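Engineer: Below is one structure. I have some questions about it.
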Amino acid sequence: MKFSQLSKVVGGQVLQLSADRPVEALLIDSRKPVISQGAIFFALAGPRHNGHDYLEELYQAGVRQLVIQKGFNLDPALFPQANILTVENTLRALQSLVSYHRSLFTIPVVGITGSNGKTIVKEWLQSALSQKYVVCANPKSYNSQVGVPLSVWGLQPRHEVGVFEAGISERKEMAHLEKMIQPTVGIFTNIGSAHAEGFVSQEEKVREKLRLFRNTETLVYCADHVVVREEIQKAYPEKKHLSWSLNGAGKCGYRLLKKSTDSCEVQLTDRSVISLPFGHEASIENALHVVTCLLHWGFHPTEIQQAVKHLKAPSMRLELKRGSHDNYLIDDTYNNDLLGLEIALDHLVQLHQKETKRVILSDIAQSGLSDEALYQEVAKMLASRGLHDFIAVGPSIVAHQSVFKGFNAQFFQSTTQLLEHFDPHQWQSSLILIKGARKFGFERVVRSLEAKVHGTRLELDLDVMAENLNFYRSKLTGNTKMMVMVKAFAYGSGNLEVAQLLQYHQVDYLGVAFPDEGVELRENGIHLPIMVMNSHPDAFEALIKHGLEPEIFEFSQLKAFGQYLQAQQKEAKIHLKIDTGMHRLGFVPEELPEVIALLKSYPQMRVQGIFSHFVGADEAEFNDFSHEQANRFQQAVKVLKNSLQINPIAYLCNSAGIIRFPEYHFDMVRLGIGLHGIEVSGIAPEAVKLPAKLKTFISQIKHISAQETVGYSRRGKVKKPTTIATIAIGYADGFLRALGNGKCRVKINGEEVPIIGNICMDMAMVDLGSLKAEVGDEVIIFDDRERLLALAEQANTIPYELLSLISSRVKRVYYQQ
Ligand SMILES: *Cc1c(COP(=O)(O)O)cnc(C)c1O
């Protein structure tokens, strides 16, 4: 959709139209803007945070489309290049846009609501359905008035099923969520008591939530909840009811055959038996919603068994971290409701790393109970598991501290107070569950209790990486798309973390070198389109299975893939590589007639992209050749388009090309090294920053007399007595041997000191001279662009090689605001 069409869908008046851009990325958070041509900011006016306060800042950052609320005085002259729409209510406008977007899809969509378990049911159902379908779902628990629109906006033509949860905090909200989700199948998880959320009775609360299913055909719920059952039957007698029950009350009669603390067996209506990997009642209930839904979808019980086998109760997927003071930490800083707390406490009790168990918890969210009853429940849960030491954070739990008589508890109003006043020495050798609702920011607590990371590590600042991305995006105009190359472990930075970041920032494509790299991304939840540069016939099956798009560069590969698709009766997207002068991979222009003939005989192959690669886009010296390459490329694209009657994505520029050849951006560009803070063309070196810092530490310090030498082959000669430090990084870590014997300097305690002698496999030695240092001190190999470029020069190579050679045994540590 274009900006000019927006008011037809959401109402309002166009205050200014500078260029009719597409409406693609929805922005509501001024702190993390996605800068792209298609980005559009909806200025929401919340109680604490008013989006209108950030309009100028966002405009400066490059956002060019704004939706603002009527009555807000804005001077269009301050936003000369912006498109601006004024509406009655920006939240409603956002929601209308998303309702419209949803109505473009005819796929089945599951809507999930109820008091507890929504997020778990959503995640489980998503994971089970993903075994057969391409699923779109809310990220995390984006289930609110603003979370739902952002989630549903993610629906794309390639999706086959949608799974969205909806949560409300006030009356009347569900009607808005319903318009956006438009579920065809509904799951009602369960209902808490009435007090919270401002309802008079449980019945009323169920009725409000049931508005989500106004136009839904099929309803899934547990008939053992009497109020839920009666209200649903009253509200929607005409719909298809898949009510399940463990005691004969519903249409789908299940039986619980066996149950232990961590598993159970359930007999389904057709007498087949499935086993679930947990014994907790709430988890069984959540799982049976999923099972019922899958049966409705036509999954065979053996397939269901396959799918549920891998389900994990929420706390089970939590990572156990090493804390300081001999503690272990269970990091559960994602949400805190009663069910989640109970599961996490069970998990804590079952772990055996330490006998002493402790808990840090925040206020509990959305329980459906009165606060008094809620915290009594919490006290009961803790006491019954023998958990007596805990720290509680939040105004609500502090207000009810009297219910925790007999506990060894400390109470704090806020996370900041806890961090200021709690002395971590008090808690030693224990296993600590850290369980907090998101808004309490318990990551800070985890960080303060974590053992400091020792050892050789590559620290990566993901916020810096996002800024670099935005810099390159700001260079694009019109509808130019962005592919980011995440080959070779994303240039050493970690393919998964980088791909997740890029997915969050909605780049258009990822590029990898080999099929395995693409498969790994898919298996870890990356759903962006992925282009694969080197595919061998052995990998065709994996490519198809995971929706990866191969680069086709050579005749035997072209034929083999065509024959494979023909035999399998499948279709696939491909990217044709044109060799315009690199002479590495690709078809040369003379080969195109034959390529065209083959493509015509294999219509299963659809040309999604045509691309080529510059030989020297970073150097002015090769300007003439770059123009020549661009010419050859444009010719090839024209020939292919005309003879095949196709309209593929044409793309040519790498990072340097983005900066130096805006005239050759075509339909898409390919960002690589620029994301990692190296602007190779040298035109805007300061515009990007290095996200990576390579660090190690001192293992030993020695005093050496003048007759001695240091390291292998006696290469490290000292002229006068000196002090040396052995550091824990060697060429097997990617600290190239070529950098030894004084070729490079590392930074210790703020000073630069030279490497002495040969670099060994796992270690190297440094001449400290008069510098004071101790065992354990940090050693910086590089922490900014200048140091990295200097190292590359000293090793007679380029930064690409240094970054991609940092070996996998070097721990990657990520930082993000
Ligand atoms: C690696 C690679 C890129 C990225 O190049 P940078 O110089 O890192 O921007 C682009 N295209 C192809 C084909 C590549 O192999």
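Any Cβ shown, glycine's included, is placed from N, Cα and C.
Under the heading active site, proton acceptor, TrEMBL lists K487, Y712. Residues annotated as N6-(pyridoxal phosphate)lysine in TrEMBL: K487. The annotation substrate binding site is assigned in TrEMBL to R584, M761. Annotation source TrEMBL lists domain 'Alanine racemase C-terminal' at 691-815.
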Engineer: Please report the DSSP secondary structure of M761 (substrate binding site), reduced to three states.
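Structural biologist: Its secondary structure by DSSP: coil.
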Engineer: Looking only at the domain 'Alanine racemase C-terminal' (691-815), what is the mean pLDDT?
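Structural biologist: Overall, the domain 'Alanine racemase C-terminal' (691-815) comes to a mean pLDDT of 94.
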Engineer: Of all the recorded positions given, K487, R584, which has the fewest Cβ neighbours within 10 Å once its own Cβ is left out?
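Structural biologist: Minimum Cβ neighbour count within 10 Å, taken over the recorded positions K487, R584, occurs at R584.
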Engineer: Pop the Cα-Cα gap between M761 (substrate binding site) and Y712 (active site, proton acceptor) into the table, whole Å please.
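Structural biologist: Checking the Cα atoms of Y712 (active site, proton acceptor) and M761 (substrate binding site) gives a distance of 11 Å.
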Engineer: Under 8 Å between C-beta atoms and at least six apart in sequence, can you list the same-chain neighbours of M761 (substrate binding site), or say none if there are none?
Structural biologist: G730, Y731, A732
Engineer: Taking helix as H, G and I and strand as E and B in DSSP, count the residues of the domain 'Alanine racemase C-terminal' (691-815) in helix, strand and coil.
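Structural biologist: Reading the DSSP string over the domain 'Alanine racemase C-terminal' (691-815) gives 25 helix, 47 strand, 53 coil.
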Engineer: Translate the DSSP assignment of K487 (active site, proton acceptor) into the three-state scheme.
Structural biologist: helix
Engineer: Do you know offhand how many angstrom separate R584 (substrate binding site) and K487 (active site, proton acceptor) by C-alpha?
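Structural biologist: Computed Cα spacing between R584 (substrate binding site) and K487 (active site, proton acceptor) is 17 Å.
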Engineer: Around the Cβ of Y712 (active site, proton acceptor), how many other Cβ atoms lie within 10 Å? Please give the count over every shown protein chain.
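Structural biologist: Around the Cβ of Y712 (active site, proton acceptor), 12 other Cβ atoms lie within 10 Å.
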